[in-house]
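Before any comments, here is the structure.
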């Protein structure tokens, strides 16, 4: 089942965000991934910035030429509950709550709209879960024209699964929706909200195996209430046509035939990936491995959590807590972790008590906190990042885990900081901005936010940051370069080019720092989703000469 893994926000709500046992989740999986710099972002959307209508700016036909004009995406609101007062910003507001529509589907549809417009990300809740959930309700009210009842933890998980899965399978779903429309023009001119409702229905039927009556009835009702009766009729007709085709095992999928380009286009639809990614992976990995990789990217994501050893807890304590919560788990290859799959980059750094270490692109801080814990109270970590807000969150997390005395933050652009400072460090970690192509199973929207042209810009940035980070390494010190990409041009090729520019640095094998299965013939750390069943990542360990 799509999204069958325990969603991280849902897990936090069960284990408790302030739990002294849980230190961090999924270290290193959240990466820099927006724009040319490749940095990830925390969703902080200004509620007032989102328009009240649900339209894309395109026009569409009403049910009847004589129908009176109306606001986009809003008609009647039947079967509301009695007026319910709500306190917000010191004022009393009367809110009408619609009890007829599926509330979690309404939230999912509005969130998908906001993702499409670039005003939201796939993750439903941030670290301040409750206020973020309230914001979701506010977006629904302003977009649809009515309120819904609040989400409980189960609802939150359902929304997370539906939104992530619908975004992940968008190309596949859209191909089928367009195939089942009587005319391609119907799909091309479809209202944005109507398209999201259809995507949700198709995803529920094809990937979640939701009972047919529920998937059809609930999405039809949502379309009728949020749009108009005619929209509900269209949803009903298309979803029922889909059910017939599914039962007959005759979904209209493209055939994998023709030249390489044509085959890549067909595969991009069947496995819902951009064509450029499919062609690139077939080129570097071969067709069989490329198919395995796309299947992995579409599978349920897994997470790891690390025990808070700084507070005296052990992995056994964490396992006891997980078992009491009836959470499925397996032990990790690393003593501090339990898998609910982790990166081994900190092991490549190998922090030792008494060392000085700088994390050059530190936020959101998973590796910073892990390295600080490995210092056993002796030594110092400097966390440098260009994003002040994310640094603040990092330092708040450090304080929560009793590691704030070990960590100092530096708000700066690494390229400028390296030129201005005279400080050098025993070890320097550059967890570089990258394409994130190794973590597509966790980042459902990332595949659609990356363009082929981004790689060239990222490689130039990676070279600049590597050159700057090298200036901070003491003679005899260690420089570790890492990414969450599986693309050789972001990984091995960058190190080869760096060593040519900096002959005072020598590649040192990671053998002995990580399990042998992750060590390449050249001595790099490399994890592969298809080989190791964990996120794809890369790391290189370089030593600066003493002379």
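Using N, Cα and C of the backbone, Cβ positions are placed for all residues, glycine too.
Any TrEMBL annotation is an automated prediction that lacks curation.
The annotation active site, nucleophile is assigned in TrEMBL to 484. Residue density at residue 484 (active site, nucleophile): 31 other Cβ atoms are found within 10 A of its Cβ, drawing on all protein chains shown.
With a 10 A radius on its CB, residue 363 (S-adenosyl-L-methionine binding site) counts 26 other CB atoms from all the protein chains. Among the features that TrEMBL reports, S-adenosyl-L-methionine binding site is placed at 361, 362, 363, 364, 365, 366, 367, 385, 413, 431.
Taken from TrEMBL, the feature compositional bias 'Low complexity' applies to 28-45.
Look at TrEMBL and you will find 60-69 tagged as compositional bias 'Basic and acidic residues'.
Summarising the annotation, TrEMBL assigns domain 'SAM-dependent MTase RsmB/NOP-type' to 344-545.
Among the features that TrEMBL reports, region 'Disordered' is placed at 17-92.
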Across the domain 'SAM-dependent MTase RsmB/NOP-type' (344-545), what is the average pLDDT of the model, as a whole number?
95
